[in-house]
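Asks: Heads up, here are the entries from TrEMBL:
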type	residues	note
BINDING	His104, His161, His291, His295	Fe cation binding site
COMPBIAS	1-10	compositional bias 'Basic and acidic residues'
REGION	1-37	region 'Disordered'
TRANSMEM	61-81	transmembrane segment
TRANSMEM	87-107	transmembrane segment
TRANSMEM	119-135	transmembrane segment
TRANSMEM	141-162	transmembrane segment
TRANSMEM	234-250	transmembrane segment
TRANSMEM	270-289	transmembrane segment
TRANSMEM	326-344	transmembrane segment
TRANSMEM	356-378	transmembrane segment
Amino acid sequence: MNEPTGHEGDSTGYEDNSAGYEDEPAGYAADGPTSTRLVGARRDRGTSVGSVMRAVGVRPAWLVVGGVALAWGVAAAFTASPTLPTWLRYGPLAVSLALFGLPHGAVDHLAPARAAGHRPTVTWLLAVGVLYLVLGSAYGFLWWLLPVASAALFVALTWFHWGQGDVYALDALGARHLDGRGVRVGTLLVRGGLPMLVPLLGHPKEYRAVVGAWVALFGSEFDAAWIASPTVRIALGGGFALLTIGTLLAGRRRDGGRVWLLDAGETVLLWGYFLLVPPLFAIGVYFCVWHSLRHIARLIAVDPASRAAFRERGTVPALLRTGRDALPLTVVSVLLLVGIAVVGDVAVGTQADLQAAAALYLVFISVLTLPHVAIVTWMDRAENAGLAPLVSKQ
């Protein structure tokens with residue numbers, strides 16, 4: 001597969017080494033003041049991280065999210081209050097159990113070593129296992145002890161992590177406009193806030209119901225009616241709109257090239273998408289085809305076997321190769337979730353049951369998200385990408 005390289009305006013690709021892995025950590029070596037490339041692990045010529053990101057993470061996301069936004073906009077134009085059938089509203093979350101969503105974090109036992117240019121060993125596996133056990137157990141206990149605070153932490157953690165994922169994706173595509181710390185931080189806040197804040201602006205009742213269902217699992221109530229008041233939503237929306245515009249304009253002053261245009265286009269698309277589409281459905285679709293696929297593109301790029309599959313046979317074989325890596329822990333996670341649901345007597349027979357089941361799944365994801373964020377942040381450091389430039393010299 002002869003794909004273009006991942007960085008705009010240069011010939012940056014992967015370094016070609018004789019071995020599949022080497023002992024040096026993978027990082028970014030600067031070709032110039034504003035261009036970066038992955039080195040360290042074997043990088044096959046002609047297969048850049050940018051080409052993988054475009055094929056796996058960008059095009060499908062635009063197609064699906066853009067299509068859903070367009071369809072909902074058309075429905076809203078002809079129907080005063082379009083609604084989704086119950087099965088469709090919860091459908092994307094159900095699908096995410098097996099496709100892209102939950103599995104995208106099920107390669108965490110292999111990804112750190114690969115990002116550093118090493119073969120995964122027992123030491124790496126044990127380190128990741130201990131991390132998940134400690135952080136996941138701590139967060140699970142926090143949910144039991146302080147459910148409302150844990151819900152707020154989940155929103156904040158997801159805001160950070162989904163922003164982090166999009167910053168990495170833009171980096172992979174050669175985003176020179178992110179060179180400044182201010183623009184990079186602003187982009188993280190904007191991209192993470194689009195799925196976490198904008199649904200509250202357009203669908204306050206549904207937003208409160210989703211968060212309320214989380215804390216209800218632990219016998220608590222989410223009484224923060226003030227957060228859905230028009231005054232608060234206008235203030236939040238106005239402030240976030242100013243942050244969005246300011247960040248995009250600051251980025252354009254640095255470099256208004258094709259990747260900035262993509263960034264601006266995606267930002268506008270996601271603003272409209274999350275304002276229009278009901279939150280639970282919108283988040284479910286976004287989780288599967290936007291956030292998860294972009295991380296899966298990253299997993300393909302750091303794994304020599306998946307990268308070779310992408311180069312030689314295309315996107316689907318590369319996805320299947322990564323899916324094989326994710327399968328064991330995905331199965332374990334699903335079985336664990338089912339076991340918790342059985343012990344907690346959570347069923348799916350009625351509307352209320354479905355809401356509780358979705359809430360349980362999201363709380364379960366939150367417990368996995370904390371160690372997952374730690375892994376991804378470490379990968380940023382190993383690759384000198386995403387958030388790593390915020391703490392390094394620019």
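Just so you know, glycine gets a Cβ as well, placed from its N, Cα and C.
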Asks: For the transmembrane segment (326-344), I need the partner stretch with the highest count of C-beta pairs below 8 angstroms, choosing only from 61-81, 87-107, 356-378.
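Replies: Looking at each of 61-81, 87-107, 356-378 in turn, the most contacts to the transmembrane segment (326-344) are made by 87-107.
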Asks: Fewest other Cβ atoms within 10 Å: which of the binding-site residues His161, His291, His295 wins that one? Let me know.
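Replies: So among His161, His291, His295, the binding-site residues given, the one with the fewest Cβ atoms within 10 Å is His161.
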Asks: Are the transmembrane segment (234-250) and the transmembrane segment (356-378) close enough that 3 or more Cβ pairs fall under 8 Å, when only pairs 6 or more apart in sequence count?
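Replies: Contact between the transmembrane segment (234-250) and the transmembrane segment (356-378): absent, because fewer than 3 Cβ pairs are under 8 Å.
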Asks: Can you say which of 87-107, 141-162, 234-250, 270-289 has the most Cβ pairs under 8 Å with the transmembrane segment (61-81)?
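Replies: Per the Cβ under 8 Å count, 270-289.
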Asks: Mind giving me a neighbour count for His104 (Fe cation binding site)? Other Cβ atoms within 10 Å of its Cβ, every protein chain shown.
Replies: 25
Asks: Other residues with Cβ within 8 Å of the Cβ centroid of His104, His161, His291, His295 at the Fe cation site?
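Replies: What remains near the Cβ centre is Gly105, Trp162, Gly165, Phe287, Ser292, Arg294, His372, Val376.
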Asks: Who are the chain neighbours of the transmembrane segment (119-135) in space, where the CB to CB distance is under 8 Å and they lie at least 6 residues beyond its ends?
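Replies: Residues 20-21, 108-110, 112-113, 368, 370-371, 374-375 contact the transmembrane segment (119-135) from elsewhere in the chain.
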